[in-house]
Amino acid sequence: MILGNLSGLSEFRLLGFSGMSHLHPFLFVVLLSLYILTLMANTVIAFTINTDNTLHTPMYFFLTQLSCLDICYLSVIIPTILENLLVGTVSISRTRCAMQMFSFLFFGVAECFLLAAMSLDRYFAVCYPMHYTIIMSSRVCRSLVAGSYICGAAVGLIHTLITFSSPLCGSAIDHFFCEIQPLLDLLCGNTFPRELQVIVVAVFAILSPFLLILYSYIHIISTILHMASAESQQKAFSTCSSHLLVVTLFYGTAGSVYLRPKSTYCASVDKFLSLSYSVLSPLLNPIIYSLRNKEVKGALKKKWRKINL
C-alpha cells in the first residue's frame, strides 16, 4: 500500500520468513548451528596460519584475511535473522538499517576484490615462479588487502547514502536484513535511476574483480598446459583448485542477485540466494581450503597433536 513519502521514518520492519512461521524453530536451530560452526572453522584456520611459520606466505596471508572477512560478513546478518526467527517481524531503526547495509556491502565487496588479489597471487606463483617472492612482497600483499577494504568501503558508502537519501513510500522490508533490492521496492516514483545505479556499482564491484580473476586463470591454465611433466601440471593446478571453487561459489550466487534488473526480482528466491552466499560461502571456504590443501591439513594435524599431548 502506498503510504506517501516516508523519508523521515525512524524505523523499518523486517518481514524475514513471516510466511514460514511453522519452520522458524527448525531454521533457528539450523542457522545458529551453521553460524557457530562457521565461526569456529574460520577462527581455527586464521589461528593455525598465524601461529605456524611454514604458512607465513602470501597465499595464506590472503586466506587469513578471507577468514576474517567471512566472520564479519556473516556476523552482520545472522543475529538479525535469528532475532527474526525468535520474535517474528523485527523492527529495526533507520540508523541500524543503514549501518547494516553499509557493513554487508563493505565486507561483501571487499571479499570480491580479495578473491581477485588471491588470483593475482596464484598467477604470479604459477606464471613467474622465479620472481614470485620479489613481486608478491609483504608490502604488495598489504596494499592489495588495503585496496580491497577501500573499494568495499567506497561501494558501501555510495549505495547507503543514495538509498537512504531517497524518498521512501513504505517501511516493510520483505527480507531478513537490509538488502538493496527490497529497499528499492520502497522507493517512491521512478526507481529506474536507482536500479541503474545498483547495476553500475555491481558491475564495478562484481564484474571488475571477476574479469581480473578470469584474466589470471586464462594465463595460469595456458602456463600449466605448456609445462613439461604431468607431475608439474598437477602440482600447479592443485595450488589453484581451492581458490577456483571458492570463486565459483561466491560469484555464482552473488552475481545472480545483483547483476539482474529489478523486474526479475522475486523475494523468496532472493532470500534463498542471499542465504547461499552469506551463510554457505563463509562456512565452505575454510572447509574447501583445509580439505584440498596438504599444507593446511598438515598444520592442523600438528596443532591437534599438540593439544592432545
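Glycine is no exception: its Cβ is also placed from the backbone N, Cα and C atoms.
Nobody curates TrEMBL annotations by hand; they come from automatic prediction.
The domain 'G-protein coupled receptors family 1 profile' annotation in TrEMBL covers 41-289.
Note on the transmembrane segment (26-47): residues 17, 20, 63-64, 67-68, 70-71, 74, 78, 81-82, 85-86, 279, 282-283, 285-287, 289-290, 296, 300 of its chain, located 6 or more positions outside it, place their CB under 8 angstroms from a CB of the stretch. Annotation source TrEMBL lists transmembrane segment at 26-47 (among others).
The transmembrane segment feature in TrEMBL is assigned to 59-82 (among others).
Here TrEMBL flags 102-120 (among others) as transmembrane segment. Only residues 6 or more beyond the boundaries of the transmembrane segment (102-120), in the same chain, are considered here, and those with a CB under 8 A from a CB of the stretch are 59, 62-63, 65-66, 69-70, 72-73, 76-77, 141, 144-145, 147-149, 151-153, 155-157, 159-160, 177-180, 205-206, 208-210, 212-213, 216-217, 243, 246-247, 250-251, 254, 278.
Cβ atoms under 8 Å from those of the transmembrane segment (140-162) belong to residues 58, 61-62, 65, 98, 101-114, 116-117, 120-121, 180, 194, 197-198, 201, 204-205 of the same chain, restricted to positions at least 6 beyond its ends. Per TrEMBL, the feature transmembrane segment maps to 140-162 (among others).
Sequence-distant contacts of the transmembrane segment (196-218) (same chain, six or more residues past either end, CB-CB distance under 8 Å): 109, 112-113, 115-116, 119-120, 122-123, 151, 155, 158-159, 162, 180-181, 184, 240, 244, 247, 251, 254-255, 258-259, 261. Per TrEMBL, transmembrane segment is recorded for 196-218 (among others).
What TrEMBL records for 239-260 (among others) is transmembrane segment.
Within the chain carrying the transmembrane segment (272-291), a Cβ under 8 angstroms from the stretch's Cβ atoms is held by residues 31, 34-35, 37-38, 41-42, 44-45, 63, 66-67, 70-71, 73-74, 77-78, 104, 108, 175-177, 179, 242, 245-246, 249-250, 253-254, 256-257, 297, 300, all 6 or more beyond its ends. The transmembrane segment annotation in TrEMBL covers 272-291 (among others).
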Distal contacts, the transmembrane segment (59-82) - CB-CB under 8 A, six or more residues away: 14, 16, 28, 31-32, 35, 38-39, 42-43, 45-46, 49-50, 90, 92, 100, 103-104, 107-108, 110-111, 114-115, 117-118, 121-122, 125, 138, 141, 144-145, 148, 176-177, 239, 246, 278-279, 281-282, 285-286, 289, 295-296
